[in-house]
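Trainee: According to Swiss-Prot:
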type	residues	note
DISULFID	CYS21-CYS43	disulfide bond
DISULFID	CYS40-CYS121	disulfide bond
DOMAIN	22-150	domain 'Ig-like C2-type'
CARBOHYD	ASN93	N-linked glycosylation site
CARBOHYD	ASN110	N-linked glycosylation site
CARBOHYD	ASN114	N-linked glycosylation site
CARBOHYD	ASN135	N-linked glycosylation site
SIGNAL	1-18	signal peptide
TOPO_DOM	19-157	topological domain 'Extracellular'
TOPO_DOM	180-218	topological domain 'Cytoplasmic'
TRANSMEM	158-179	transmembrane segment
Amino acid sequence: MGRLLAFVVGAALVSSAWGGCVEVDSETEAVYGMTFKILCISCKRRSETTAETFTEWTFRQKGTEEFVKILRYENEVLQLEEDERFEGRVVWNGSRGTKDLQDLSIFITNVTYNHSGDYQCHVYRLLSFENYEHNTSVVKKIHLEVVDKANRDMASIVSEIMMYVLIVVLTIWLVAEMVYCYKKIAAATEAAAQENASEYLAITSESKENCTGVQVAE
């Protein structure tokens, strides 16, 4: 739950606006046979600066030493390298409709154990200013483990516990408020009844006095 919440919030912040770009770390545990998103977000320091960006992804399988290129994405074109481990499994899930890429994430479908290892998301950006251009590059590193089934991390467990604690606290608070309001209404009703009774007795007493005065006068 904690992971899902973090992912949903991060995705909303990133997709809402370029100026609201937020760099969020990728998840690092994929489930065998499932689809997994490897997150790579690289924000510009100044959102108003014009830029063109492309990316190259490299991969080092667990137990090997060298990184190999698996894809390049530039000008809205995805170029996949010939690699049977990723053939028909890689889907672009980053920015679209712009050359100014800030979300450079990918999906890996039908994950296998061969996808365990280290990934590098190389981000190359050309910044255009009024009188000059400037090239920048950054590398985002992600270590991925493939497991048989999803494991609940401590953050997820703590988040769920906190959710139930919050529900209990809110329930107790609501009951206390209802009891307080009930007592307050009951006290007000009782006070009003006593006041009405006092007024009735006062009127009755006054009427008797008036009647007695009339009889004496006669």
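Glycine is treated like the rest: Cβ placed from N, Cα and C.
Worth saying up front: this structure is predicted, and the values here are computed from it rather than measured.
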Trainee: When the Cα of CYS21 (disulfide bond) is compared with the Cα of each of the recorded positions CYS40, ASN93, ASN114, CYS121, ASN135, which one is closest?
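Mentor: Closest candidate to CYS21 (disulfide bond), judged by Cα separation, is CYS40.
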Trainee: Are there any residues in the same chain, six or more apart in sequence, whose C-beta is under 8 angstroms from the C-beta of ASN135 (N-linked glycosylation site), and if so which?
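Mentor: TYR124, ARG125, LEU126, LEU127 - these are the non-local Cβ neighbours of ASN135 (N-linked glycosylation site), listed in sequence order.
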Trainee: Return the member of CYS40, CYS43, ASN93, CYS121 nearest to ASN110 (N-linked glycosylation site) in space, with distance defined Cα to Cα and candidates limited to these recorded positions.
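Mentor: Nearest listed residue in space: ASN93.
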Trainee: Same chain only, sequence gap of 6 or more: which residues have a CB within under 8 Å of the CB of CYS40 (disulfide bond)?
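Mentor: Once residues fewer than 6 apart are set aside, CYS40 (disulfide bond) is near SER26, THR55, TRP57, GLY94, ASP103, LEU104, SER105, ILE106, CYS121, VAL123, LYS140, ILE142.
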Trainee: Reported as an integer number of Å, what is the Cα distance between ASN93 (N-linked glycosylation site) and ASN114 (N-linked glycosylation site)?
Mentor: 21
Trainee: Express the distance between the Cα positions of CYS43 (disulfide bond) and ASN114 (N-linked glycosylation site) as a whole number of Å.
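Mentor: Between the Cα atoms of CYS43 (disulfide bond) and ASN114 (N-linked glycosylation site), the distance comes to 30 Å.
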Trainee: Counting across all protein chains present, how many other Cβ atoms fall within 10 Å of the Cβ of ASN110 (N-linked glycosylation site)?
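Mentor: Its Cβ shell of radius 10 Å holds 12 other Cβ atoms.
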Trainee: By the DSSP assignment reduced to helix, strand and coil, which category contains ASN114 (N-linked glycosylation site)?
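Mentor: Once the DSSP labels are grouped into three classes, ASN114 (N-linked glycosylation site) ends up as helix.
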